[in-house]
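**Q** Annotation comment: Swiss-Prot describes 17-37, 40-60, 78-98, 138-158, 179-199, 212-232, 295-315, 316-336, 339-359 as transmembrane segment.
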Amino acid sequence: MNKIISVWKKMNLIRKIGIGVVLGVLLGLIAPKITVIALFGSLFVGALKAIAPLLVLTLVAHALSQAPAGQKSNMRTVICLYLFGTFAAAFIAVGASYLFPIKLVLSTTTTTDITPPQGIAEVFQDLLLKVVDNPINALATANYIGVLTWAAVFGLAFRHASKTTKDLLQSTAEVISKVVGWIIGLAPFGIMGLVFDTIANNGLTALKDYGLLLLLLVGSMIFVALVVNPLIAFLVMKKNPYPLVFECLRVSGVTAFFTRSSAANIPVNMQLCKRLGVDPDTYSVSIPLGATINMAGAAITINILTMAAVHTLGISVDFSSALLLSVVASLSAAGASGVAGGSLLLIPVACSLFVVPYVV
């Protein structure tokens, strides 16, 4: 028994999740009436929902409070490229969802009371009201747009605080990130419960659309990595970007894939920049900053899963709303930085634009 526990601890999270998926499918087919297994999924999702608002508030506030002022002039270009790259990825995700719309099987029956917003004006009005929500109420009701807004305000205010106060904010962010890490560590059991619930209630056919959803996610990310990012690099460098792109993917991409955390990948990226001869004064700031605001993968995940929910519920999305969704996803993706799988916690931010019920 101890040997099994030891092997389990040494196994990476992706393999554990894979085992959880397989067990969920098998148990859903063999013993669909043991509904207590589905409780693992409910507890896992509940824990994520509970910690997510605090996670967003502390990480964004801490990132903004630590952002140094008066950097070299080329940092403006770097920041603009970060923001443009994230927005482009978000917009491509929306376009991919239009081309390949996916509808998912939901276990909830609360979709009949949905009142979709009537165009961009109503969406924008609702967005503004969420922005000025009471910060305590925003945390309690999981109003992520309000949480992001107040996190940005507090973060800017904390720039002028004492070092002791900033250290306290950093420690708070680290503690909450640690708690999130513990919850994410339980993902194999939670996903096993979620898969079991899906299979037990809907059968194997329910996995078809989730497989298509995964293909759409991966395809969009590959397109951004091999087409959009090289195009941006070409416009800046005026030369073939692919040798640099493939080198970065080889060194940094593999680590990023298995850690699923931009913060965890910072040391790898800094070593790569040093080896490539990049100015230390630039990459010492641009790499940590990019781990916060250059969140193309998170933006893709947020938008594709949001559009899947929207298509499932039959809500129409016009071009203006899609554009606003891309902007909101780009901004909210910053809240996913530093946490493995953190983008999944930010999906309600985008879904709230279209009055998608939180239970979905």
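Using the three backbone atoms N, Cα and C, a Cβ is placed for every residue, glycine included.
What's the neighbourhood like for these features in this structure?
**A** Long-range Cβ contacts of the transmembrane segment (17-37) within its own chain (Cβ-Cβ under 8 Å, at least 6 residues beyond either end) map to 187-201, 204, 207.
Residues of the same chain lying 6 or more positions beyond the ends of the transmembrane segment (78-98) and with a Cβ under 8 Å from any Cβ of it are 216, 219-220, 223-224, 228-229, 232, 236, 282, 286, 289-290, 293-297, 299-300, 302-304, 307-308, 311, 322-323, 325-327, 329-330, 333.
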